[in-house]
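Peer 1: Submitted below is the structure of interest, expressed as structure tokens.
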Amino acid sequence: MAGDPHAFAELFMRHRDRLWAAAIRTLRDREEAEDALQDALLSAHRAAPRFRGDSAVTTWLHRIVVNACLDRIRRRKAHPTVALGDGSHDDDAPSAPEPVAPVADHDTRLVVWEALGKLPADQRAALVLVDVHGYAVAETAAMLGIAEGTVKSRCARGRAKLAGILGHLRESPVIGGNRGSAAGVRSGTGAPRDGSPSAGVSQEEHE
């Protein structure tokens, strides 16, 4: 795999849909996700000689893509631009359905994604990694460069805020369970491919 760049690129592209979904879930921005995939392709190609098959290739690539996304988030934090998430949406971004009548599973997932966009950036990043991607607290702490206790507290506060935002959907099976509302989006077909508010990492807020 390491000796044949064409074969490696073909392997990467074979899993591109899954990797694209991971990038979109993490960044919530199409252009950023595309750039992150390119960064991940280069990183994976350089790291290929060190891949020993301890995990599935897809798992290995997924981790590299998520790390590439987090690197872009950190760079964006160091050089901030206009923040997303305060009403800034692409024209084709889905809007949250009105909280009336029972909501279909697909629409519920859209509501959950909209709610995630309203969380503070650090809480959103922790929740996406733990509840959406399914990373362990220790893995998430290593990716974000923070203590495990900080990951737990950010997730707990984020879930509490989501519970308040999504109170009208409390009876929905999509967002039920012990892990919080964000876990519901993992049961679907992936994040909507749009330019919705991006996840980010910021300093621990003091509430």
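Cβ atoms are placed via backbone N, Cα and C, with glycine included.
Per TrEMBL, the features are:
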type: DOMAIN; residues: 11-77; note: domain 'RNA polymerase sigma-70 region 2'
type: REGION; residues: 81-101; note: region 'Disordered'
type: DOMAIN; residues: 111-162; note: domain 'RNA polymerase sigma factor 70 region 4 type 2'
type: REGION; residues: 176-207; note: region 'Disordered'
Peer 1: Could you give me three numbers for the domain 'RNA polymerase sigma factor 70 region 4 type 2' (111-162), the DSSP helix, strand and coil residue counts?
Peer 2: 41 helix, 0 strand, 11 coil
Peer 1: Treating G and I as helix alongside H, and B as strand alongside E, what does DSSP give for the domain 'RNA polymerase sigma-70 region 2' (11-77) in helix, strand and coil?
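Peer 2: Breakdown, helix to coil: 58 helix, 0 strand, 9 coil.
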Peer 1: What average pLDDT does the predicted model assign to the domain 'RNA polymerase sigma factor 70 region 4 type 2' (111-162)?
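Peer 2: Mean pLDDT, the domain 'RNA polymerase sigma factor 70 region 4 type 2' (111-162): 88.
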